[in-house]
């Protein structure tokens, strides 16, 4: 191999058939012994960085926020390695799609009453621009969790509403329930994230006039253009059987008020090119050009982990994102889209690192696909997390060590092997007949035994590209994120700079015509 040839390793290996990849990787590894490899690669990266000195100050027509629930920095790194290893690479040198974004910041995730945050208070921060208490969505820190009478007067609105009020189309896509903590902060004002339907609310809260989150999904912003995820059972009357699992009581409807929210939505939207779907076949059979409103509820609860997904009946996150963008981008005023890879968090809580990391890789795939469908010139895309987890990996593993493998040593205390991936707390793992449980669901070792692993409190990364992405830099409070996105798109409270710049640009565009007209007048005179 020519020692002056410096590859983009990920792209290079991806282009070769599997049986050649290992041989090619060995040659690349030999190349790494030459300082010229690293120097040239760094110089190429430097040249790319220099081009960023010319900032993209366009107005963002479209806004996309990808939220990896629980996707702390160790999860990003481990997902990068997994992505590479799934392509028969070593993994460490791989680039995630989010790695390619030119601007990166850190976000401080604490809630107003919690050092280590939860997904509800954080969602209020990065969607509504206001830090809040844990367990609450779409309300300020003056609201107290589970106290219904602290709701009124403390509501805060989200960037999704700001976008809708500015004439943009808006969408929500998630792998969790559509009324789970992350998506609910986009439309609901609720002092308890667990009030999925009135069936999960205390009677006194219902009597006091507080609304469950599923109801608010359809009533607060009744014309959300695209809604996709799980959570079917919270939309149907209590004990009504589910369309997909008619014999399983755990999937029956939960609504005590006996309302059928899906039927109500269908009736209200019947003359608006609206479609309700509940499986992948129905979703992919739609022609997005003839769909203006879409409600897709693919499971009674959360969608299955990507590793356990039925490819025939359950859409992937990437497939949902593709359909969403095709529908939303028809609006000449642009769109706002919230996409949540929500089950990264669930995998970590269960100590199932393999599930969590495959969820992260699938979200990265969706990020790449969205990038192909949009342009950095008019679309601001932000990727971040709400919080981290007590997840990490180490143990002096050698280059290319499988991310789910053992460390290359025994403990010098008890002489036992240990996995490279470890949790600070959580359920740990069981050994049956000397073997770990099913590899997709094995529970990585943890230091402190808990039935469920907890969130981590460190800062999380924010990746940004497109108009005004350079404003996401350094270390920021988490509630700064929607303010930047709104500024980029000239929505919400950030419009003055757009009025002046658009006026100036209109004047400059008119000057050549004005000059020509004056010249003609002089000639005629």
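Backbone N, Cα and C atoms are what each Cβ position is placed from, and that goes for glycine too.
Listed in TrEMBL for this protein:
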type	residues	note
BINDING	69, 345, 386, 387, 455	Zn(2+) 2 binding site
BINDING	69, 180, 182, 340	Mg(2+) binding site
ACT_SITE	119	active site, phosphoserine intermediate
BINDING	349	Zn(2+) 1 binding site
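The recorded positions shown are 119, 180, 182, 340, 349; of these, the one with its CA atom nearest the CA of residue 386 (Zn(2+) 2 binding site) is 119. Taking Cβ-Cβ distances under 8 Å and a sequence gap of 6 or more within the same chain, the neighbours of residue 349 (Zn(2+) 1 binding site) are 70, 389, 426, 452, 453, 454. Spatial neighbours are here defined as Cα atoms within 10 angstroms of one another, and by that definition the neighbours of residue 69 (Zn(2+) 2 binding site) among the recorded positions 119, 180, 182, 340 are 119, 182, 340. If you check the recorded positions 119, 180, 182, 340 against residue 387 (Zn(2+) 2 binding site), the ones with a Cα inside 10 Å of its Cα are 119. Counting only residues at least six positions away in the same chain, the Cβ atoms of 69, 70, 180, 181, 182, 193, 345, 386, 387 sit under 8 Å from the Cβ of the residue listed as 'active site, phosphoserine intermediate'. Summary of the Zn(2+) 2 site environment: with the site residues 69, 345, 386, 387, 455 set aside, the chain residues having Cβ atoms within 8 Å of the Cβ mean position are 70, 71, 117, 118, 119, 122, 344, 385, 388, 389. Of the recorded residues, residue 340 (Mg(2+) binding site) and residue 455 (Zn(2+) 2 binding site) place their C-alpha atoms 17 Å from one another.
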